[in-house]
Amino acid sequence: MGKYKILVVTGDSLLAGSTNLVQLWLVGEHAEADLGKQLRPLRGRKTELEIDVPLHLGRLLVVKLRKHKGLLDSDWFCKWITVQGPGIQGEAFFPCYSWVQGKETIYLPEGTALKVNDDTKNLFRKYREQELEDRRNVYRWGSWKEGLILPIAGSTERDLPRNQRFMEDKDLDFSLSLAKVLKDFAIKGTLDFVSRVQHLEDYQKVFPHSKTALAGRVRDSWKEDALFGYQFLNGANPMLLRRSKRLPARLVLPPGMEDLQTQLEKELKAGSLFEADFSLLDGVKPNVIIFKQQHVAAPLVMLKLQSDGRLLPMVIQLQPPRHGCPPPLLFLPSDPPMAWLLAKIWVRSSDFQVHQLQSHLLRGHLMAEVISVATMRSLPSLHPIYKLLAPHFRYTMEINTLARNNLVSEWGIFDLVVSTGSGGHVDILQRATACLTYRSFCPPDDLADRGLLDVKSSLYARDALRLWEIISRYVGRMVELFYKNDREVKEDPELQVWCREVTEIGLLGAQDRGFPLSLESRAQLCRFVTMCIFTCTGQHASTHLGQLDWYSWIPNGPCTMRKPPPTSKNVTEGDILDALPCLQQARMQITFTKFLGRHQPVMVALGQHKEEYFSDPGARAVLKQFQEELAVMDKEIEVRNASLDLPYEYLRPSMVENSVTI
């Protein structure tokens, strides 16, 4: 009994407020009080209420909300609610960060994280069970293509749960940016139909005026072997390179190449031989664009790591050997310059395909979606792991739905301009899905498996390890707050259902590739959650942020090749130009590269989310410590980069987005 002071906070986005009346209830340990239709929430406002309650509620457990329709039904975005009880009762915090729609009743538990086994009086059991039942009806697994990890159900973004849709600022930025690049393409692209590329320098016609500093450097130095090798370490796709343990079986050296054999074996023995194998592309059916056949290769590149840290190519094989056919041609740095250049261009085009489909789309976007859908279906909002992960799912489901409908759909961007479009891209995604391993999503294991832990010139490796360690410490501290021992992990039924939902359902039974079906210890839980957060943040950033830098100069990363791989070394500049994309294709590549790679004005950096899901002081202190460690790493990278010829910023915490949003 007594007065309760209630503060209701509405979101800041354009349509966050509502003209409808909202009814509130306070649910305590002993009783429930209906406060009536007290509220008409306005955008960006904090509404204060002071109400006499004649009942003894006891400790507050839940705030209930129901929006009543007026003549017009308008949704309401509630950030959070605080309630100050009478007497010595402290202030209770009820996080919401979701839309209140229609006539549904929303239950907001008090923000202290609570595992189901810690609720010994079963005060919250019915709320968490009802929440999960409702969520499983809304967050349903869908299916896009056979053999691919599962997406959220829904044909378009309008089919998605309201809480997973873009806010108005994001939606407006996305729509205006897309309209601008399409307008530029329509205006400038008309001239491309009457223009021909006569020299490599002619690609300057489509080179963006608002280029990045690194893009300009790539344009000026793209022919250099050192920059070619550098990209495997620190470029748009640092996920393919590995140290050679033996000479690849596919590398067939014809008679007369004994010197090359000796050099390769020397580097192999010294531990300085590396390889980039694009066998994933072997046999992929190439696209036909405007009635013209495009072409795909599956190269192998052997590289040597020099004492100065430079990675230099030694030999390029553009196709694997075929039974009954002569050994494929091998290209060497000593070959005629145009032949060697064309071989490197073929590698760069192949890397474009593998990067965009395997490293970026599958391992970044689609994997993050599996984690987010499984979490929404399996962990209630009271669960500490839900509270820990929730900020890292913002906008992921909508951006992925848009990608499936516009980028890799029938008549999407890949079909219109990329050599692996019109079905080849799906084939690649299916092959890559079958190769997904748990270790490959954990940088300490992945970099060890690929032999990159001690490669000092791999700035990606150094920064990925550092970021993983910071996230791991953050997760570890959170886990220690809520799980006192391994037994508590094993006996958390919601946690075990979540783990199985990720591995067995979302990833189509990936336990045979190392993904866990259960979590048996705090250490195992920490590793799994760290993998989830790193995937949604650093993993995506490392393969997303470099697109403008490395693909703005078309010859350095052509989206398609219009001629088959060369069968002789008698190559002219005209042969190269005939193979590279025409100006229309090049401008289309630049158009979607600029759109996807642009700076996000509503970007939230890693760990900088404003949403407070935890009311626990200990958890808030852990987040603050995480932010401090990220700030230290960010400053150290800034200082390091100032002395580098080619700065590496893709895993700088201030550049890493808190979730997959573009």
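Cβ coordinates come from backbone N, Cα and C, glycine included.
According to DSSP, the domain 'PLAT' (2-114) comprises 0 helix, 66 strand, 47 coil. Residues annotated as domain 'PLAT' in Swiss-Prot: 2-114.
Model confidence over the domain 'Lipoxygenase' (114-662) stands at 95, taken as the mean pLDDT rounded to a whole number. Summarising the annotation, Swiss-Prot assigns domain 'Lipoxygenase' to 114-662 and lists sequence analysis as the type of evidence.
Sequence annotations record features per position, and here Swiss-Prot assigns Fe cation binding site to H360, H365, H540, H544, I662 based on sequence analysis. Mapped onto three states, the DSSP output places H365 (Fe cation binding site) in helix.
Sequence-distant neighbours of H365 (Fe cation binding site) (same chain, 6+ residues apart, CB-CB distance under 8 A): T396, I399, N400, A403, H540, V660. Those residues of the chain, other than H360, H365, H540, H544, I662, with a C-beta within 8 angstroms of the mean position of the Fe cation site C-beta atoms are L361, G364, A541, T543, L596, V660.
The DSSP secondary structure for I662 (Fe cation binding site) is coil.
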